[in-house]
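Copied over from TrEMBL, here are the features:
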- Leu5, Asp48, Glu53, Asp54, Arg73, Arg120, Val243: substrate binding site (BINDING)
- His148: active site, proton donor (ACT_SITE)
- Cys249: active site, nucleophile (ACT_SITE)
Amino acid sequence: CRQALRSAAGPEVDFARAEREHQLYVGVLRGKLGLQVLELPADESLPDCVFVEDAAVVCEETALLTRPGAPSRRKEVETMKRVLESLNLNIVEMVDENATLDGGDVLFTGREFFVGLSRRTNQRGAEILADTFKDYAVSTVPVHDSLHLKSFCSMAGPNLIAIGSSEAAQKALKTMQQMSDHRYDKLTVPDDPAANCIYLNIPSKGHVLLHRAPEEYPESAKVFEKLKDHMLIPIANTELEKVDGSLTCCSVLINKTSEL
């Protein structure tokens, strides 16, 4: 925990609590929702390896292995590559040494990509993503005052963008709206970190949304509770948030039927 990257100094991570919260997160995906979950082995030499989202962008049958913006995280991609190969996905590797891309900067809406240009992701990384997923429009969004684009936004439904209330978040949303030919609905929550949620459309369950727990962000939780068509599942993320972790950071969702 002490070696994990963090954008600001703060309280120390309670490792035992972090572990419990992560086990509950995995338990919801596997037990409550019935998804097949493939857990990667921990690598004690890579303190940030729990944040698997940054190592790959998967869309349909193609997986783009990223080149994380933090040099200390580059080796995380090796384990991700082995796992995605075992799922028979089409693997594209980002080998250009001028490119950086973190999956946390990639928002896929179901019809297009928005890529945050941040401290971790640059224009060249966004260009390679656009080359990889040619069937979809790719627009770039400047990210200021946050680690990643998805530090303050995510998809909360098929056409619904959850967005934080900060000036930086609202400015990014305005950019996305200007860049897109499509009109998205928005769900504005008071707290930027709470705008990072996980939306799933599961045949047997319908619309499912994992969102931050009421004890962490009570006002934002009230906003999510207005989504009457969703199965709402609150998830605590107090410890990983201390090292810039969000709900989407800890999983890569793959829409594929596979016997793992």
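Keep in mind that glycine also has a Cβ here, set from the backbone N, Cα and C atoms.
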Pairwise Cα distance for Arg73 (substrate binding site)/His148 (active site, proton donor) [Å, integer]: 15
Neighbour-count leader, CB within 10 A, recorded positions: Leu5, Val243, Cys249: Cys249
Cα-Cα distance maximum in Å, computed over every pair in Leu5, Asp48, Glu53, Asp54, Arg73, Arg120, Val243 that the record assigns to substrate: 15
Listed in sequence order, residues not in Leu5, Asp48, Glu53, Asp54, Arg73, Arg120, Val243 with Cβ within 8 Å of the centre of the substrate site Cβ atoms: Phe51, Pro68, Ala70, Asp102, Gly104, Asp244, Cys249
Of Glu53, Asp54, Val243, i.e. the binding-site residues, those within 10 Å of Cys249 (active site, nucleophile) when Cα atoms are compared: Glu53, Asp54
